[in-house]
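Here's the structure, in structure tokens; my notes come after.
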């Protein structure tokens, strides 16, 4: 009689204990899988970092190619990068870590997808896969754009200011560039443009999920423009050329995303 009056969760029942144990089992399995996938990501990142550090000197030479080219076009034959003790070493470490993150990004994205994929429907997995492949490709395109176009424009802008300052001046001006400062400039631009190139993917995923549509993006374009240039100012160094270049690129990607969302809606309705 006393046992019948007790709440169900206080009754010592073998079936109740088995239910609790069964509910614990999936949680432990998920945590174990998450740990294993994090170990894979960290392991790949560590190995990639070591390999990148072994070739950090050629990587840095490749990174400084726009700087050397800009100086040659400005008529300055000697391209000098100044550095303090150990600054070059730490710059190589930072560059190696950035390169390792970039190279291991596809594996990181796949591990994230593989962790959440069991909880998705088959149609949802098929819908996400193209974007999973597009993300690293777009990130690399953003980095390539910085190296081939944006970074030379920023350097030409800086050298142009120097040349205008020397006109009619009794003192001479030389562009003083440190190893660490140049690396921070280049990496900041590459990260900013790499993430900016993810905008179409993010908006198309939101559109496919039904959270936004092309009309919403068109209606809120004016607010998006303000937000875009605020983000550009936050992600880039404090020179107007970098901010305008990134802001203009994100705005172009926003317009491309509108057409992409419209296309996914038509495909979904068909």
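Using the three backbone atoms N, Cα and C, a Cβ is placed for every residue, glycine included.
As annotated by TrEMBL, transmembrane segment applies to 38-60 (among others).
Residues 33-34, 37-38, 40-41, 44-45, 48-49, 51-53, 56, 59-60, 63, 128-129, 132, 135-136, 139-140, 143, 183, 187, 190-191, 194 of the same chain, all 6+ positions outside the transmembrane segment (95-116), place their C-beta atoms under 8 angstroms from a C-beta of that stretch. Look at TrEMBL and you will find 95-116 (among others) tagged as transmembrane segment.
The annotation transmembrane segment is assigned in TrEMBL to 128-150 (among others).
Taken from TrEMBL, the feature transmembrane segment covers 182-211 (among others). Tertiary proximity for the transmembrane segment (182-211) is limited to same-chain residues at least six positions away from its ends with a CB under 8 Å from its CB atoms, namely 60, 63-64, 67, 81, 91, 94-95, 98, 102, 127-128, 131, 134-135, 138-143, 145-147, 150-151, 154, 217, 232, 235-237, 242, 246, 249-250, 253-254, 256-258, 260-261, 264-265, 268.
Residues or ranges marked as transmembrane segment by TrEMBL: 223-238 (among others).
If you look up TrEMBL, you'll see 244-261 (among others) marked as transmembrane segment.
Counting same-chain residues at least six beyond the ends of the transmembrane segment (38-60), those with a Cβ under 8 angstroms from any Cβ of the stretch are 91-93, 95-97, 99-101, 103-104, 107-108, 111, 183.
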